[in-house]
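**Student:** Sharing the features that TrEMBL gives for it:
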type: DOMAIN; residues: 7-282; note: domain 'Tr-type G'
type: BINDING; residues: 16-23, 80-84, 134-137; note: GTP binding site
Amino acid sequence: MADVNRNQIRNFGIISHIDAGKTTVSERILFYTGEIHKMGEVHDGMAVMDWMDQEQERGITITASATTCSWRDYTFNLIDTPGHIDFTIEVERSLRALDGAVAIFSAVEGVQPQSESVWRQADRYSVPRICLINKMDRIGADHRDVLIAMIEKLHAKPILLQLPIGHEDAFRGVVDLVNEKAILFDEEDFGKTLTEEDIPAELLEDVHQARERIIEAAADYDDSILNDFLEGEPISGERLMPALRQGVIGCHISPVFLGSALRNKGIQPLLDAICSLLPSPLDIPPADAMRLDNEQQEKIETDSKGPLCALAFKVLADEGRKLTYLRIYSGSLKPGDAVYNSRTLGEEKVARLFRMHSHKRERIDRAVAGDIVTATGLKNVLTGDTISLAETPLQLAGLEYPEPVVSLAVEPKTVDDRDKLPPALEKLQWEDPTFLVKEDPETGQTLLTGMGELHLEVVVQRLETDFGVGTITGRPQVVYRETLTKESGHHELFEREIDGKIHQGEAHIRIVPTPRRSGLQIEIPAEVLEQWPEENREALQLKLEAACQSGPVAGYPLTDMQLTLSKAPYDGNKTTDLGISAAINRAVSQALSSGKPTLLEPVMALELTAPADYTGRVMGSLQQKRGQVEGVTSRPGQDVVRATVPLLEMFGYMTELRSATKGQGSFTMEFSHFDQAPLETLQKFGFK
Ligand SMILES: Nc1nc2c(ncn2[C@@H]2O[C@H](COP(=O)(O)OP(=O)(O)OP(=O)(O)O)[C@@H](O)[C@H]2O)c(=O)[nH]1
């Protein structure tokens, strides 16, 4: 693609709460852009974007999938992301790679907990957004309530660009407020035919008022609009859109559209809005990257002649081989190019490049700044790695990974499965940085760690379906942390002769407990570091980090403490790598043991929705689960309870809640922090 088209690329994602209709909308987008010729429905297990067997069986999106399509003269790289919190990493990495997003809300359920959480994620990455209020056909649909909730809960500035024509079941079109016309959708031919009409007379007054609000919003970005508005001059749609676009790109406003994806209504105007309102790769501020050879920050501009800089935002095991999704920020890439990985500090070769159409690939011979493509051949690349050139090594700011807090022991079912399990687990780990595999040192069991019960359930099913590995699993377990309750320290001098060579190392360790949620801080004072040759200094830090990976009593990683290496003299003749490693490990282990260690358990932030009649009972059961209710807000017919509850108490809670509320309650939860585990748990692990 020539550079001249960069401003006609839209790299965007679709984000929302689970079930708001992301996949249904994506499917319509593929249909109207001519990518697919038959519409697949999520509830029939036929959606193209939900191509994994698991997704089709469960009717939910698990892995973000990317697809390229064209609308008018524009190229869309669209990423459909999952809504369930267990797959939040998919949203996180997609947001990093995208330039804009379409946020979908249900016209009935409105701003749901997970919509808040993805909105905050998008805020964090300053992703410009336009919005679709979907499900306008459903009973109880009210776009005005959604707009209010967007202001109150998301602190957003929604600008409504359409008014509905017809209510609930009779929803049949929209008034385009910018261009002052009515658009009606024909349900029969999959909504392909749009009819434009004059605005119905009974809506004219509402249209006038709503259009004034749009003009006021646009006037913030264009003084000539402000002047003409004050003079009472008419303002055309062509003038409004570029002004609104500036507001969107600056993340100040979020234009809102209306539709019913399932009934094929409202999608084409949304596609037009993606072109006219969302940014192109040229519109967004350059990415910041660190030059690894001179440690200077560099601005990376969307320029195909610039140095190569790309983010591997997703890695997929595809028929046993790695397929790497790349967002190219700068420079260009061809099959056969040698690229540099800033994490492995090594070079590897791109075999082939593809543009993705859901899970099908189209081979291409070049990709340039602004593109989202996939590559094969990059054997050592993992999610989050920066790809550049060896002569201009660059490192983009990494992704933030959430804390995996649930673990599950797995055993191979048969002897045959035993051999197949480790390589299958390795491949699943390429894909998913929130999925970890560890061996329990005591039992020798393989422990899978992930974001939640559903996450691990999907992993286990994929072992079977994608890799043909049968497993037997234990019950889900909580992943704990260890910490100290009192300050402590230790001095260790290690000296030993091995094969005629003296190995020596000396370490003074001080450990101070710090408040909950403070995490682990490791400090090596400058005067200690200065004694060490420069090339060994980083290793010192890594050794300390490694020593904190396993606590003194139960073997869980350490947190909420500050560990200082207050003395570690270096003797060029005697100090060896082995010597200092042994000294550090022993000093840390001794200091931990004498610091009165204790266990911390993961606590989840929970948002629970149930009809008001059940609120009392639900709060009672949360209290029994050692939960702390933080607040209750009332919505029409429903109460929303926010609470923090230890994860240990929450396994299987969905079934319990459903039966306590006759199927009308639901909840979402995400990790909040680690807190003191109860006495019973401490005793189980042998804490004194
Ligand atoms: N009545 C009505 N139902 C809809 C509409 N859009 C989607 N649905 C239904 O709502 C359900 C959820 O839709 P999805 O498209 O899977 O939602 P999603 O946001 O992709 O869900 P996850 O992938 O699980 O996060 C499906 O049963 C759809 O058929 C709509 O406009 N009106």
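The backbone N, Cα and C atoms fix where each Cβ goes, and this holds for glycine too.
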**Student:** Within 10 Å of the Cβ of Met136 (GTP binding site), how many other Cβ atoms can be counted across all chains shown?
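**Tutor:** A count of 27.
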**Student:** Where does Lys22 (GTP binding site) sit in DSSP terms: helix, strand, or coil?
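**Tutor:** Looking at the DSSP assignment, Lys22 (GTP binding site) belongs to a helix.
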**Student:** Reduce the DSSP letter at Met136 (GTP binding site) to three states and note it down.
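**Tutor:** Note: Met136 (GTP binding site) is coil by DSSP, not helix or strand.
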